[in-house]
Structure formats: structure tokens, C-alpha cells
């Protein structure tokens, strides 16, 4: 692409209200999510509720949070630089360098992939916790380390596919993006495979929860939280909608304006907003559980002693 073409393209991108709104929105949510993810990561190891988790569950969730951390960090840098360039520089000087795009966009995509790669390792961990329920509480962290390595591997594969056609031939790019409209056949296949894996994994996840609930009566202390069907269902819906829309956007990419295509791709990955909402919901649930537990204990303490002994006798018989 000639210098004149780059300048014209940058003029179109920088004057697009839709693209500017998209960048501002995602930058704002990333700035909010970044410290929340960092705080959640610390709380995962230090908070009182962390004692309810097996170390293997903590490791898997930690890798999951690292995905959010990388994704939000790269978005903050990329979107901040783009918005600054659009506002302060001449059209011909706005183009980001290819090396910069590669360095931060690969973090962006790898973070997304790492978030989506949590399901399969968590299912494996839950299954092993089920079949070894009598001794699993006292097992070490070796399984968690193996599952973390599996998460990284499952994230590296789609990231590699996304960047297999990344070109360093030109020193600059119009916009930092791994995918170009019309050159996405391999990525479409990877997205479809990922979508199928997500659906199958979520079905197995729900089946495992039901099996554990019936056969083990939730013996493992972290099982109910880590395998919550409600939270799993919400995550399933989010991932399936995201991947389905992603495939659709790849299909219509060559037929729409580049600024519209970029906006759709960026808006279809609202993971910073997803992180903020997820953390707030978890904090609210933790608070409600704490209040419920406190009330239950108070009721037991204030209960009539005769009722207590009658219930105890019924339990013995």
C-alpha cells in the first residue's frame, strides 16, 4: 500500500465516530477491569474465602485471571495510542508500526484464548476430584500445574493460527489487527472448532455437576462454588454468542467499511466488561453467602435447646 493510500485510510479511520466510540468504550472498561483483576488475583490467594478452594482450583483460576490481565493491558496501550494519534497527529503520521502491533496484539489475542481455555482443564480437574473425592482434599498442586500448562497450550494453538498470516513486509499498519478481511479461512475453521469444543465442554461440565451432586453429595468443599451450574451456564452463553458473532463478522468483513469491520471485531470482544461484571457478581454472591451463614449460625445459637436435641435424635435414627 502506498503512502497516499495509508494517509487516506487513516483519515477514514480517525474520523469514524463508530470506531472512536468503540475505542473509548473499550479503553474505559479496560481501565476499570485492570485493577479489579489484579485485586481479584491477590484475593484468590490471600482472602479468607480462598481457604475454601483446593490449590489446583486456585491455580486454574489464576491462569484465567492472567488472561484477563494480558488482554486488558494490551487494550489499554493500543487504544490509548490510537486515540492519541487520531486526535493529535496528521493523517500520514498516525499509522502504528508493525512491530508494535505484533507485540501488543499477540498479547490481546493470547489473553482472549487463555480466558476461553479454562473450561477443559477445569472439567478435568473436577472429574479427578470426583473419582478421588475421599483423598483429593489432601493432594498437592501437581495436577493444578499440569492443568495450567494445558490452559497455556490450548491458548497458544488458536493464537498461532490467528497470526500465521501476519506480515512484517510493511513497516506500518493502518490498524493493529491480526486478521484482514478476506484472508480468514484458517481463522474461521479455528473459530468453528473452538465453538464446538466450548459447547461440548459445557455439556460435560453440567453432566459432571449433576453426577457429583447425586453420587457424592458434594463432599469436596470447593465443588459447589467451582462447579456452579448457574455461573457455568452464563459463561457458556457468553462464549457461544461471542464465537458465533465472530464467525459472522469474519464472513461480512470484505463487504463493509474497514472502520465498521474494526469496530465490530473490537465490540465483539467485551472481555474487560465481562471481567468487571463477573467480579462484581462474585463479590455480591460472597457477601450474600456470608450474611446467610451468619444468620444461620445466629438461628442455631438462639434456637430452643429442646428442638436441637429432638433433631439430633431424629438424625441418629
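A Cβ is built for glycine as well, from the same backbone N, Cα and C atoms used for every other residue.
TrEMBL labels come from automatic prediction, so no person has curated them.
Per TrEMBL, the feature transmembrane segment maps to 23-45 (among others).
The annotation transmembrane segment is assigned in TrEMBL to 57-78 (among others).
Here TrEMBL flags 106-128 (among others) as transmembrane segment.
Residues annotated as transmembrane segment in TrEMBL: 140-161 (among others). Listed as Cβ neighbours of the transmembrane segment (140-161) (distance under 8 Å, sequence separation of 6 or more from its ends, same chain) are residues 54-60, 62-64, 67, 106, 109-110, 113-114, 116-118, 120-122, 124-125, 128, 186-187, 190, 194.
Summarising the annotation, TrEMBL assigns transmembrane segment to 190-209 (among others).
Taken from TrEMBL, the feature transmembrane segment applies to 235-254 (among others).
Away from its own ends, the transmembrane segment (260-283) comes close to residues 13, 16, 18-19, 21-23, 25-26, 29-30, 32-34, 36-37, 40, 68, 71-72, 75, 111-112, 115, 175, 177, 179, 181, 238, 242, 245-246, 249, 252-253 of its chain (Cβ-Cβ under 8 Å, at least six residues beyond either end). Sequence annotations record features per position, and here TrEMBL assigns transmembrane segment to 260-283 (among others).
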